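Visitor: Take this structure first; my questions come after.
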Amino acid sequence: MARPSLPCAVVAVLLLALLPTPSTAGDPDLLQDICVADLTSAVKVNGFACKAAVTEDDFYFKGLAAAGNTNNTYGSVVTGANVEKLPGLNTLGVSMSRIDYAPGGVNPPHTHPRATEMVFVLQGTLDVGFITTANKLYTKTISAGDVFVFPRGLLHFQKNNGDTPAAVISAFNSQLPGTQSLAMTLFAASPEVPDGVLTKAFQVGTKEVEKIKSRLAPKKR
């Protein structure tokens with residue numbers, strides 16, 4: 001028998017409620033009711049300076065309603081609802097995103113240095129996993145209605161091995177979790193990581209390293 005589905009809005013609230021409270025979150029506690037981010041301010045702080053003119057729209061974002069365009073190298077796309085898109089999140093210690101996957105699409109190995117991630121599957125089936133600092137892989141196949149957690153800072157991934165599109169809603173205990181892709185970090189950094197470091201680390205030749213770098217280099221317009 002098919003499992004009953006929950007409205008996306010209810011799912012979003014439940015995901016955020018299950019994340020750690022601000023006192024244990026990755027971001028500092030807030031010191032006032034609101035501090036809407038002034039994204040244009042030249043002031044550099046741990047977060048964003050507060051802006052004076054606040055409106056309801058600072059707390060509103062509708063970008064997660066529609067599926068993103070997965071026509072790219074990886075067959076997946078992340079649509080973020082963090083403080084850069086939703087300034088009212090500043091100092092609140094939470095954010096969300098939607099991830100869409102084409103059949104065969106992958107959200108490649110990456111980390112979120114400032115947040116734990118909890119995903120709720122909207123549709124489809126995904127193979128997901130994370131790797132601990134002891135090099136232990138924890139992996140699971142998850143389907144619509146399932147929840148899976150990726151601990152803060154640990155390398156993790158999601159792969160759609162099905163023949164239909166898949167999508168998840170992610171919740172984070174940080175207004176700006178940060179994302180560091182393993183492949184992009186090592187092979188597309190600027191300035192470049194020296195070939196000698198990569199050839200030694202991966203036990204491959206310079207030609208192999210240069211081939212990977214060329215494939216991950218930003219596309220010239």
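The first residue you see is number 1, and the count goes up from there.
Placed from the backbone N, Cα and C atoms, the Cβ positions cover glycine too.
Just so you know, TrEMBL annotations never went through curation; they're auto-generated.
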Visitor: What residue among Cys8, Cys50 is stated in TrEMBL to be the disulfide partner of Cys35?
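Guide: Here TrEMBL pairs Cys35 in a disulfide with Cys50.
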Visitor: Sequence gap of 6 or more, C-beta under 8 Å: which same-chain residues meet both conditions with respect to Cys35 (disulfide bond)?
Guide: Gly47, Phe48, Cys50, Asn90, Thr91
Visitor: So around the oxalate site, Asn107, His112, Glu117 aside, which residues have their CB within 8 A of the centroid of those CB atoms?
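Guide: Those within range, site residues removed, are His110, Thr111, Val119, Phe150, His156, Ser170, Phe172, Pro177, Thr179.
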Visitor: Considering the binding-site residues His110, His156, which residue's Cβ sits among the greatest number of other Cβ atoms within 10 Å?
Guide: His156
